[in-house]
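As recorded in TrEMBL, the features of this protein are as follows:
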DOMAIN    21-132  domain 'SHSP'
REGION    133-189  region 'Disordered'
COMPBIAS  140-159  compositional bias 'Low complexity'
COMPBIAS  160-189  compositional bias 'Gly residues'
C-alpha cells in the first residue's frame, strides 16, 4: 500500500515537536555589559545543580548549557507544574578581540557570572602621528590631547621646540588641521 506524503501534516508534526515542552531547549535570560577590560555575562539559573553547568568556548563561540531536574516523591500527583526542567542553552559569538584563554565562570545564588577579558591586542592604545615638511621640520604627536613635540633638522642646529596642540580631537582650532603650531625656524622662540 503506497503512502501519500502530506507536507502540511509533516509541518504540523515538526511544529509540535518544537513546541513540546519535553523536547525543547530552554533559553536562559542574560545580562551582558563591559566593565573596564572585561565583559561580564550574568545568566539566571535558579535551582540548577552547579555540577550540571557547562561553559565551553569553541573558536569564537561561547556555549552555556545547564540541566535542571525536578525530583518528585513517589506517589505524588502534580496539581500545578510551572517551573521548567530540562536543558537550558545559550550561545554567544564572541567575535575578535577576546582573550579566550582567560575566561572564568562562577555560579553563586542562582546566577552564573562569566568574566570575558578583552585581549591585549584589542585594548585602546595611543598612536603617534608624525609629519615632515619641506623646510626640514618634523612634527610628532599623539592622537590624544597631549602636546606635540616639534624639532628642526635644519643646518642651523637651533634645536627649537614648541608646545603646539597636536591633538586630533573633534575639532581643530584656527584651521591648523591638528598639526600643532611651530615657531619660525631660526626665530629662537
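Numbers here mean position along the shown chain, with the first residue as 1.
Note that Cβ sites are derived from N, Cα and C of the backbone, with glycine treated the same way.
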Mean per-residue pLDDT computed across the domain 'SHSP' (21-132): 88
Secondary structure tally of the domain 'SHSP' (21-132) (DSSP, helix then strand then coil): 9 helix, 55 strand, 48 coil
